[in-house]
Amino acid sequence: MSINMKTFTQALARTAAVIEKTVHTTVQEVTGPKALQDYELLDQIGSAGPGLAWKLYAAKARDSTRPQQYPTVCVWMLDKRALSEARVRANLSKAAEDAFLDLIRADAGKLVRLRHPGVVHVVQALDENKNAMALVTEPLFASVANALGNVENVGNVPKDLKSMEMSLLEVKHGLLQISETLNFLHNNANLIHRAISPENVLITSAGSWKLAGFGFAISAAQAGNLDNMQSFHYSEYDVEDSILPVQPSLNYTAPELMRSKSPSAGASSDIFSFGCLAYHLVARKPLFDCNNNVKMYMNTLNYITNESFSSIPSELVSDLQRMLSTNESFRPTALDFTGSNFFRSDARLRALRFLDHLLERDNMQKSEFLKALSDMWKDFDSRVLRYKVLPPLCAELRNLVLQPIILPMVLTIAQSQDRTDFELITLPALVPVLSTASGDTLLLLVKHADLITNKTDSEHLVSHVLPLLLRAYNDNDVRIQEEVLKRSTSVAKQLDGQVVRQAILPRVHGLALKTTVAAVRVNALLCLAELVQTLDKPAAIEILETIQRCTAVDRSAPTLMCTLAVANAILKQYGVEFTAEHVLTLMMPLLTAQQLNVQQFAKYMLFVKDILRKIEEKRGVTVNDSGVPEVKPHSAANGLQFQSSTQIPEKVASAAKSSPAWDEDWGSPSKDSAVGNPASSRHNTNDQFNKSTDQSQPSIMSTLPNKTTAPTTCPAVDIEWPPRQSSSLTAPATDNQTQLNTGTSFASGFDELDPFANWPPRPNNGASVASTGLKNGAASNFSNNLPGGTHFQTANNDNWAFSSASLSSLKPPQQGNQGISANNQDPLNSFGVPKQSQGMPSFTSGSYNNQKPADISSIFGSSKTEPSAMKLAPPPSIAMGRGRGRGRGGTGTSTSKPSGSQPSLLDLL
């Protein structure tokens with residue numbers, strides 16, 4: 001049997017078609033209609049169509065690489081399964097469901113074929129499967145029914161829709177747009193809509209009002225043929241058929257469409273429906289509310305009175321009464337209604353109409369209009385600004401001639417936008433302007449940099465706003481430089497730290513150093529002060545270097561006060577130590593600037609004193625006005641507790657020295673064990689710490705030679721040295737050796753051991769001082785437990801000589817002053833050195849090397865015996881056994897005694 005190839009080929013083709021259809025059906029059942037495959041649904045925005053059966057979803061394309069006409073679209077979804085379940089609950093027939101679905105298909109088909117700005121634009125035609133139907137249109141906001149409060153079939157009502165309040169101006173503009181669309185349908189498309197109602201009027205995302213719901217539309221030819229014309233039949237009782245409405249809503253239907261004998265339909269029928277819609281929008285309530293009951297409808301229609309129009313503006317009443325007339329011939333055309341005083345008397349509406357056709361005007365007309373709009377736009381409400389004014393202005397930003405006029409209005413209106421609307425509507429129009437702005441346009445954008453920054457994400461900030469600021473830094477216009485410096489901090493807070501250090505910070509430094517305008521430098525320094533909190537320490541040091549270079553040439557008061565602001569910011573960010581090390585060295589020379597007034601100087605001093613106070617608090621030492629440090633209470637090493645009022649000098653000298661100190665051959669006897677000195681025995685142990693000596697100064701006696709020769713011309717001086725007898729004195733274990741038990745400094749305990757404290761010089765001028773030795777060669781052992789726990793013994797078998805060089809090098813004290821006060825007053829001045837005004841000898845290392853020996857014979861020249869003689873400063877520190885000569889301002893609390901009550905004197909040879 002032969003095979004017919006033609007028949008075989010046809011059979012294969014039919015099989016392939018069946019397979020393809022089966023695969024397509026299977027895919028649709030799994031993935032849904034084509035709209036769901038190409039677009040990703042976002043949130044439901046509303047509902048529309050007959051009975052609000054359509055669910056409206058905002059959506060975006062899944063394939064972002066393909067060019068799209070709209071960044072977002074609106075997907076109309078109708079769930080067949082939910083519709084079927086609702087039909088069963090309402091006890092309706094399957095025929096009613098099929099009739100309703102046919103109505104939906106007819107509506108979508110006519111909507112695709114109609115192309116007009118007043119008709120909803122279809123992006124993707126209707127597609128359906130067994131479970132759903134889907135249609136893709138331009139982005140929408142909601143239906144007018146949703147805007148009037150009917151949110152049936154809306155799951156989660158959007159925030160904007162829930163709080164929506166349409167102003168009368170928006171209603172006027174919407175009605176004017178619908179009337180123009182009706183004029184197109186009647187005169188150009190030759191269509192009669194027959195179902196104009198809030199459910200079939202859509203508001204786009206741009207704020208325009210457009211028509212949909214053409215399921216009941218017929219051509220003008222069909223309307224004139226009464227044989228083919230079918231009337232709508234409504235019951236004489238209340239019927240709730242909103243689930244599957246197969247007829248237009250009776251509340252907006254013309255009466256002639258309900259006549260069963262001679263029904264007629266024409267353009268006037270749409271005018272009546274349009275009048276009902278206008279009444280509902282303006283009066284905020286429907287004219288007819290009859291629940292599809294024809295009797296109630298006719299009663300309301302026959303008894304319409306003037307009171308029914310009491311809430312309608314007077315300029316609209318006459319036109320509205322004509323539109324709602326039962327006589328079709330009395331009704332105006334759609335074109336006639338556009339000329340109503342209700343529209344033409346409103347200047348704001350005329351402005352919106354001009355904006356609708358702005359792209360069609362020339363630059364001269366645009367310029368005149370925009371100048372008038374600059375004073376008028378403040379009267380618009382937020383919704384009108386957002387949906388009616390802003391979109392055409394953003395589109396016109398491409399016109400470089402009109403940019404300086406349009407941009408201020410755009411930026412001001414953008415302040416009322418949320419972040420999403422700004423990124424979708426305003427930012428795309430601003431991006432080309434941001435990249436090319438210069439002059440006044442650049443200045444304006446920099447002033448509104450905070451607005452753009454707060455309404456964009458970091459990606460747009462780096463790609464669009466940051467290049468704008470960098471161009472502003474490099475611009476020569478002083479106004480632009482000032483503004484960009486003022487806005488730098490707020491922008492820097494939202495940028496990465498590395499971007500700030502690499503892009504913004506160097507340009508701020510450059511403006512601070514290169515500018516010759518005081519305002520720019522001040523703003524640059526203030527910007528640096530605000531940026532300190534986001535920078536690290538090396539960057540802060542660079543800021544200080546810039547300030548140092550600025551203040552070297554500019555010490556004006558504004559610059560200096562900005563410097564203080566930077567210093568305060570650094571102190572707050574990095575603390576006292578960093579500020580003391582790097583900032584004080586910069587601030588101190590500025591205190592002498594004569595440009596600072598009293599208040600400004602006080603602020604500078606307050607800052608410096610605050611730093612010093614914090615350093616004192618951190619060290620635990622407070623220096624009073626007299627220069628004496630007050631140490632906070634703390635426990636000593638041996639467990640003794642010092643009083644808070646104890647004033648001690650700072651200990652600097654170390655006990656662990658390689659060579660013995662000048663006073664290591666003197667012990668420090670305890671006050672409690674001292675014998676023969678009643679004055680010193682009245683003081684307690686804490687008095688050892690009340691001596692005013694400056695141990696922070698190095699010993700100035702170390703420059704003297706170890707051995708000196710006795711003078712031959714100096715008159716003899718009787719020196720008495722009463723060694724204090726104590727029951728606790730014992731012979732030393734070894735001679736010429738000092739044993740130190742602890743490393744604590746013991747210099748503060750020598751104030752009680754001054755061998756020259758109580759000797760009254762005798763008027764014996766015939767002898768010369770050659771040498772001094774211990775009487776009878778007796779060795780004394782002094783022991784004392786110092787506050788730091790120091791215990792030492794000294795063998796004083798060695799003799800010590802009072803050389804002429806040491807005596808002649810001492811400056812004579814003033815005879816009118818006492819060496820030390822009886823009440824242990826502090827002999828140190830505020831700088832911690834011995835007070836020269838109290839008769840203390842002043843020692844400097846240079847005085848021993850460079851000055852001539854001073855004649856001190858006048859001190860002892862008086863033949864008059866005095867009960868309390870003037871003290872003589874001790875010899876240099878390097879001579880063994882020469883007492884205390886470390887430049888201290890005073891000795892212990894011992895007072896001089898009459899010679900009769902003292903022990904035998906030293907032999908002065």
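Cβ from N, Cα, C; glycine included.
Here is what Swiss-Prot records for this protein:
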- 39-343: domain 'Protein kinase' (DOMAIN)
- 350-382: repeat 'HEAT 2' (REPEAT)
- 383-401: repeat 'HEAT 3' (REPEAT)
- 465-502: repeat 'HEAT 5' (REPEAT)
- 499-537: repeat 'HEAT 6' (REPEAT)
- 578-617: repeat 'HEAT 7' (REPEAT)
- 624-772: region 'Disordered' (REGION)
- 638-648: compositional bias 'Polar residues' (COMPBIAS)
- 678-712: compositional bias 'Polar residues' (COMPBIAS)
- 724-747: compositional bias 'Polar residues' (COMPBIAS)
- 804-909: region 'Disordered' (REGION)
- 804-828: compositional bias 'Polar residues' (COMPBIAS)
- 835-852: compositional bias 'Polar residues' (COMPBIAS)
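Within its own chain, the repeat 'HEAT 5' (465-502) is flanked in space by residues 434-435, 437-439, 442-443, 445-447, 449-450, 452-453, 456, 458, 508, 510-511, 515, 517, 519-520, 523-524, 526-527, 530-531, 534-535, 539, which lie at least six positions past its ends and keep a Cβ under 8 Å from the stretch. Helix, strand and coil counts under DSSP for the repeat 'HEAT 2' (350-382) come to 28 helix, 0 strand, 5 coil. Proximity of distant same-chain residues to the repeat 'HEAT 3' (383-401), defined by a Cβ-Cβ separation under 8 Å and at least 6 residues beyond the stretch ends, is recorded for 141, 164-167, 169-170, 173, 205-207, 352, 355-356, 358-359, 363, 366-367, 377, 407, 409-410, 413-414, 416-417, 421, 425-426, 428-430, 432-433. Across the repeat 'HEAT 3' (383-401), DSSP classifies residues as 16 helix, 0 strand, 3 coil. Across the range of the repeat 'HEAT 7' (578-617), the DSSP-based residue counts are 34 helix, 0 strand, 6 coil.
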